[in-house]
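Q: Here it is, the structure in full.
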Amino acid sequence: MSTGPDVKATVGDISSDGNLNVAQEECSRKGFCSVRHGLALILQLCNFSIYTQQMNLSIAIPAMVNNTAPPSQPNASTERPSTDSQGYWNETLKEFKAMAPAYDWSPEIQGIILSSLNYGSFLAPIPSGYVAGIFGAKYVVGAGLFISSFLTLFIPLAANAGVALLIVLRIVQGIAQVMVLTGQYSIWVKWAPPLERSQLTTIAGSGSMLGSFIVLLAGGLLCQTIGWPYVFYIFGGIGCACCPLWFPLIYDDPVNHPFISAGEKRYIVCSLAQQDCSPGWSLPIRAMIKSLPLWAILVSYFCEYWLFYTIMAYTPTYISSVLQANLRDSGILSALPFVVGCICIILGGLLADFLLSRKILRLITIRKLFTAIGVLFPSVILVSLPWVRSSHSMTMTFLVLSSAISSFCESGALVNFLDIAPRYTGFLKGLLQVFAHIAGAISPTAAGFFISQDSEFGWRNVFLLSAAVNISGLVFYLIFGRADVQDWAKEQTFTHL
């Protein structure tokens, strides 16, 4: 086991004889066989589980709210002619399985329920990120994954008990999910070499899109065949099954990992030798408040997640209402933008690291360029959606393109906090999550209000507002965004309240 002096000696040796480049080449050949890439894949699985639990209510709520079928419809099959056909009994059994409680929830109530996941998340990210940064993310993330998965199993019972209990359960579940989404970035402070930071974080982050894809693809089918409660039972169970995988395989520091090779450990440690990654107990709050580069990231987070949460919550509803798709087809069509986005997130991370490692573009140029691409093009596409609603193929093409291009932000402003203040990654990620969840609490509620006022022009107003918010955040980030470590984030500088 390496000690502090040993690590420093190794750094000195490699710095003097140039072996860092050799170690880098050896580790790069391993690709996804390296421990750090294996860690990214495990985090991808965790994000997959969390986002299936976030999205399952969005895909199930059209089945939970049945405003079109008359009350007597479940008994309509009794009017059929009597037959001994096996197909008839199979169909009857299928309809019986699909029968589940339907609730009389207005669009406003649905918007509140969909937003409730974020209501309890305003204060949780900051302490979660701070604790993960100081004590390590292993147990913070693992506990959050288990709590969120366990509570998912009880959503059908909460819905039967009443809207209030369902909202409370989703609030608690949102707090647990914040522990996962916030704490995981503290791991990359000690595991991600600067030249691989974008690809490792995007591989892990792509689990969010992959989870959304799977739950949208399978959710509608599950609702139609065995009933909407099983959407929560199945994906909650998957999350619980992931927990035993997390605890024995995850370590906060590569120095302590029992399976990592000496070459990979040396490469990671030496790559981060010039970067102050030691967690800071004392927070330079006053300097953070005055930091325009930090505010640029905060504003960008709020604006980009405004659009993200709107799309995530209302894509199934838009497809089912505007395209008149049934529940199964709505789930399949809603899944397409997310699977393409999952692929593009990883490709964007690889491209960003390629441009940086080959010194084609500076880091700040990469961050701003990828953010601009990920904001401008999707905004234009979404604003154009109401004018192509008569064409189903064009509508789906626009939705897929919007999701694919917006994924470039994951290698832009959304990862920029790792560049400017690695010492305070956990705390800053928690602070950023607060802004993201504020957007997540407001945007679906606002969308539900617009849609309830006018179903046709309501969607147009939703897309116009989302585009305006997104572009305003981009302008602020382009003006004030930076990628160098800030003075207040260096060990020598401490400013206290």
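Glycine residues also receive a Cβ, built from the backbone N, Cα and C atoms like all the rest.
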Q: Scan 45-65, 171-191 against Swiss-Prot and say which stretch is down as transmembrane segment.
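A: In Swiss-Prot, residues 171-191 carry the label transmembrane segment.
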Q: So which of N90, N470 shows up as N-linked glycosylation site in Swiss-Prot?
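A: Checking Swiss-Prot against N90, N470, the N-linked glycosylation site entry points to N90.
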Q: When you scan the chain for residues with a C-beta under 8 Å from the transmembrane segment (230-250), skipping those not six or more beyond its ends, what do you find?
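A: For the transmembrane segment (230-250), the nonlocal Cβ contacts are 38-39, 42, 45-46, 49-50, 52-53, 56, 59-60, 138, 141-142, 145-146, 148-153, 155-156, 187, 215, 219, 222-223.
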Q: List every residue in the same chain as N47 (N-linked glycosylation site), at least 6 positions away in sequence, whose Cβ is under 8 Å from its Cβ.
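A: The list for N47 (N-linked glycosylation site) reads V180, L181, Q184, A204, G205, S206, G207, S208, L210, G211, given in order along the sequence.
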Q: State, in range form, which of 149-169, 332-352, 368-388, 431-451, 461-481 has the highest count of Cβ pairs under 8 Å to the transmembrane segment (292-312).
A: 461-481
Q: Relative to the Cβ of N56 (N-linked glycosylation site), which residues of the same chain, six or more apart in sequence, are found under 8 Å away?
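A: Sequence-distant Cβ neighbours: T152, I155, V215, G219, V231, F232, F235.
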Q: Going through 149-169, 203-223, 332-352, 368-388, 431-451 one by one, which has the most CB pairs that fall under 8 Å from the transmembrane segment (461-481)?
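A: Counting Cβ pairs under 8 Å, the winner is 368-388.
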